[in-house]
Amino acid sequence: MPQSKSRKIAILGYRSVGKSSLTIQFVEGQFVDSYDPTIENTFTKLITVNGQEYHLQLVDTAGQDEYSIFPQTYSIDINGYILVYSVTSIKSFEVIKVIHGKLLDMVGKVQIPIMLVGNKKDLHMERVISYEEGKALAESWNAAFLESSAKENQTAVDVFRRIILEAEKIDGAASQGKSSCSVM
């Protein structure tokens, strides 16, 4: 097996959308029912994707809103971003658009690995954002999209596998696009 690769992933989104629950479900395989607002946590996990082992460092950020100032650390050595909203919250869906814009401004790249996640899909009766709305937003960003339920452990692993694939796809395109110069 090839040597493991290290990847750092930031999880961003409005408060109470389930960023920590999704991350803990992936890392520890459990759902945390209580809610304590996150300041910032970092988790690590080994995962194998397509035969390649990855050592993931997951930065579970504090909830952002439209007025939040992004710390510069969210742009340094980050290989991919998971942007999370709740399918039960119009506000979180609107704020994720603002977060995406700020992220692009901060990182300064046209193409960055982004995974848009509509969380809390198990709350059918409270849903206000359709699957189609989430998918359309992700497509407008040229980003991957999944809906998830951290509580029911639906697609938590898929979310993190997918962001790795997105990061590798963009890394591969960037390395192929590099030009070389020869002096003779």
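Placed from the backbone N, Cα and C atoms, the Cβ positions cover glycine too.
Small disclaimer: the values here were computed from a predicted structure and weren't measured.
The secondary structure of S21 (GTP binding site), as reduced to three states from DSSP, is helical. If you look up Swiss-Prot, you'll see S16, G18, K19, S20, S21, V32, Y35, T38, N119, D122, A150 marked as GTP binding site, on the strength of similarity to another entry.
Swiss-Prot lists S20, T38 with the feature Mg(2+) binding site. Residue density at S20 (Mg(2+) binding site): 23 other Cβ atoms are found within 10 A of its Cβ, drawing on all protein chains shown.
Sequence annotations record features per position, and here Swiss-Prot assigns ubiquitin cross-link to K8. Other Cβ atoms within 10 Å of the Cβ of K8 (ubiquitin cross-link) number 17 in total over all chains.
What Swiss-Prot lists as S-farnesyl cysteine is C181, and the listing cites similarity to another entry.
All protein chains shown were included, and the count of other CB atoms within 10 Å of the CB of S130 (phosphoserine) stands at 12. Here Swiss-Prot flags S130 as phosphoserine, drawing on similarity to another entry.
According to Swiss-Prot, the motif 'Effector region' annotation covers 35-43.
According to Swiss-Prot, the feature site 'Important for autoinhibition of GTPase activity' maps to Y35.
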Local confidence of the motif 'Effector region' (35-43) - pLDDT mean: 73
Cα-Cα distance linking N119 (GTP binding site) and S130 (phosphoserine), given in Å to the nearest integer: 12
Densest Cβ neighbourhood among S21, N119 (binding-site residues), 10 Å radius: N119
Length of the line joining the Cα atoms of S21 (GTP binding site) and K8 (ubiquitin cross-link), in Å: 18
